[in-house]
Each structure stands twice: as structure tokens, then as C-alpha cells.
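Trainee: Copied straight from TrEMBL:
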- 6-93: repeat 'Solcar' (REPEAT)
- 12-29: transmembrane segment (TRANSMEM)
- 101-209: repeat 'Solcar' (REPEAT)
- 218-307: repeat 'Solcar' (REPEAT)
- 287-310: transmembrane segment (TRANSMEM)
Amino acid sequence: MADKQISLPAKLINGGIAGLIGVTCVFPIDLAKTRLQNQQNGQRMYTSMSDCLIKTIRSEGYFGMYRGAAVNLTLVTPEKAIKLAANDFFRHHLSKDGKKLTLLREMLAGCGAGTCQVIVTTPMEMLKIQLQDAGRIAAQKKLMAAQLSAVAGAAEPVVEARTTATQITRELLRSKGIAGLYKGLGATLLRDVPFSIVYFPLFANLNKLGQKDPDVKAPFYVSFLSGCLAGSTAAVAVNPCDVIKTRLQSLQRGVNEDTYSGILDCTKKIWQKEGPTAFFKGAYCRALVIAPLFGIAQVVYFIGIAEFLLDLLPKHRA
């Protein structure tokens, strides 16, 4: 395959560039997804993605839609680089002739990629979720305070104490050690491994449909559309796991919202109190996030921007 000729440094750079571009484009939708998934029945602040984004802009300003983006932009480079490079690594070593892989072997390669990426994904998601959901909790407290003041008269205004990813990291390391940053690791594996098992084989086979010759790359628009379709399909398929992961990794809760002791406890409470449809909260937001994110990732990855950059370095060519 053509991509076997790409060096590991180039693959890592391509993955990182793809992640940076993709996250910048779709982060506001990801913020809406997190807030929609975290709100529980009886405490609903938002009715839809558009409602969430409009209210966020009104209460927190335009940059409120990018709360937590710094964490994502910092860690998405190693995350996407590991994911894409690991998939190529496993595909190469599972391929006997370097060209053909059975569907089972493609799924195993995706499984390996998903398992590797959680090293970075878990702490990244952990920190991002705290920052993304802080505005929802603050808005809920303000609403409750306004309702109380209407009944009882004067009430103290609620002032949101803004925290940073660095502060959260220090506190977690101080109180719980490195394990604090890996809260929800099991749920992250439960989401990312099946996602990769579905995504990578589906993308590879869709992309092949656009190849006129097995040894020639498909056109960039085929890679983009294949990435979008495979990404959105995989995203919706594992959305229940993403809801569970988001709930487990949220350190702060809104008024009268449930807490969870683990994956099974979270699953049980969501099913009993919110019904099965709750597992698909934010599914369309997640599809809208993942589709362009992976479409862009595959285009950048297969175009090979890094090869051009590395070719400018004589040491690399030597």
C-alpha cells in the first residue's frame, strides 16, 4: 500500500495536524454535546444543540463556546497521532502480503489503535469535560437563585468561579494521584475500542471504492467522504458508551443530579430514571463533531502534509 512508504515521524505529524484543524472547526458542537449529555431529567437547561449554543453565547460570550479547547488542542495532537499511526502499525503487522487484510484483522488493528489512544484520551477528556460543563452548572445555579429571589425576595448573586485545566490537574494529582486523571478509564476503553473497531475497517473499505488502482491513493474527496461517513456511523454506534463516560468523568454536578459509582451503576440509573433514549443524548452532535473531524484527519493524513515539511529538513532525508 502507498501509506507503507510514509515514515513514522510523518504519520505522527500528519495525525497531529489533522487533529488541530479538526478540533478548531468542530469544538463548539462538542461543547454542546457534553452539556446535553450531562443534563438530567428535571434539570434541563437546553432543548437542543442550537439552543445550547445560543444560550452559551448570550451568557458566556462567543469564546464561551471554546471553553476547554486549549486542553483539546494541546492533547489532540498526540491522541490523533497515536490513533492513526497505531492503526497503520497494527495493519502492517497483521498483513501477510502487505496489501490484503481480512475484516477480522482490520477490526483487530482498530482495536489495537483504540486501546493505545486512551493513554492520552482519558486525561484529555477528563479535563475538557470539567471546563465544558462548568457553564451549564453555573447557569443552572443562577436560574435557581433567580427563582428563589422571586419567591423570597433578595438573594445573593451567583458568581461563577472560573477554574483552569492546570488548577484541576494539580488538585486531582494532589488528592488522588495520577489515577485522578484516569477516572473513567474503563468507560473510555468501552467507547474508544468499539469505535475504532467500527471506524477503521469501514473507512478502509469505503475508501477502496474510490480507488481505480489498488496501488494508487483514492482522490482526497473520497478519503474525506469516507472519513465522514465512517466516523459518524461509529460515533452514533458507541454514543451510549460516550454518555456513560461523560457522566462518570464529570466531577461537578448540577442541583439534584445523580452521582455514579461506576459503569454499571451509571447505566442502571440512566435506564431507570431517564429511559433508554437518554443513552443517545447528543448523538447527532457527536456525529456532527466526528464526521468532519475524521474526514479532515484522513485528508490531511493521506495528502501527507508532513512529508513536505520533513523534506525541507536535510537531517531527516539523511
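Glycine is no exception: its Cβ is also placed from the backbone N, Cα and C atoms.
TrEMBL annotations: computationally assigned, not manually curated.
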Trainee: Helix, strand, coil: count each for the residues of the repeat 'Solcar' (6-93), based on DSSP.
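Mentor: Helix, strand, coil within the repeat 'Solcar' (6-93): 73 helix, 0 strand, 15 coil.
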Trainee: Could you tell me how many residues in the repeat 'Solcar' (218-307) are helical, how many are strand and how many are coil under DSSP?
Mentor: 70 helix, 0 strand, 20 coil
